[in-house]
């Protein structure tokens, strides 16, 4: 606390206090002076005088005869002020002193009370500030806890949603896979059924064609026998490592006919030669109409590999009709020899 604020709380001096104090001091000084001179006057020793003894009658006569002496008045004695006045002055001074002390004590008590009230007010203010700060801190903690709980709840919901989404996706994938498997199985079944139907149809058509071809061949043979009455036989050896025998009507087939037939049939053989050990041969006998249409075919010698034999037979069938000879007509039959590695 500054000096100015300390002076602010000092006891207020009454106006005229110094004057009263001065008068009291002056009164005491005068009192002491009066007392001093009064005591001196009362205790002074009378001056010594010589006296002669006279006869009383003579003295009276002398006094009567002497001129009258004027009476000398004694000096007025200054009486000391009564003790009551001094006591009252002391009492007044004491009362003033006591009053000042009481006022000073009251001022101190007031200052102490004011400071205590100020301290209480400051303590209350600090307590309110602390309570407000604690309330704010508690509110912040409550909000933080609420936000944390909201985040955790959102995270749990997100995790649950993700798990449900994965489960739904898994179920959907399983359903799609099942549907696809069922569809594939259905498609496979339909394809197998279609293939079986196609094969059955092809077999039926093949058998019908073979029946028609056999009938046509037989009719053609009967017609040719009827027309020629006798047949001529020709044999030709095919070049290029293959042998072909051809039998035609009315003469011998050309030398390269069997080779031309092989050249047409060979590209239709769908088979991997590396699947066969060695280079075995398969011999097929083919009956033809004059226009080259295949009337029948027969495997006269197997290569020892059924797959290759089947491939050769299918290739002959795919090559229908076979080429005609140089005279414009196909021979009635031809024997063809095939090897997988030629």
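Backbone N, Cα and C atoms are what each Cβ position is placed from, and that goes for glycine too.
According to TrEMBL, the transmembrane segment annotation covers 20-39.
The feature compositional bias 'Basic and acidic residues' is assigned by TrEMBL to 115-159 (among others).
Residues or ranges marked as region 'Disordered' by TrEMBL: 115-220 (among others).
Per TrEMBL, the feature compositional bias 'Low complexity' maps to 160-176.
The annotation compositional bias 'Basic and acidic residues' is assigned in TrEMBL to 177-210 (among others). Sequence-remote contacts of a segment are chain residues at least 6 beyond its ends whose Cβ falls under 8 Å from one of its Cβ atoms, and for the compositional bias 'Basic and acidic residues' (177-210) they are 296, 317.
The region 'Disordered' annotation in TrEMBL covers 234-253 (among others).
Per TrEMBL, compositional bias 'Gly residues' is recorded for 237-253.
Positions annotated as compositional bias 'Basic and acidic residues' by TrEMBL: 318-327 (among others). For the compositional bias 'Basic and acidic residues' (318-327), the DSSP-based tally of helix, strand and coil residues reads 1 helix, 0 strand, 9 coil.
Feature annotation from TrEMBL assigns region 'Disordered' to 318-342 (among others).
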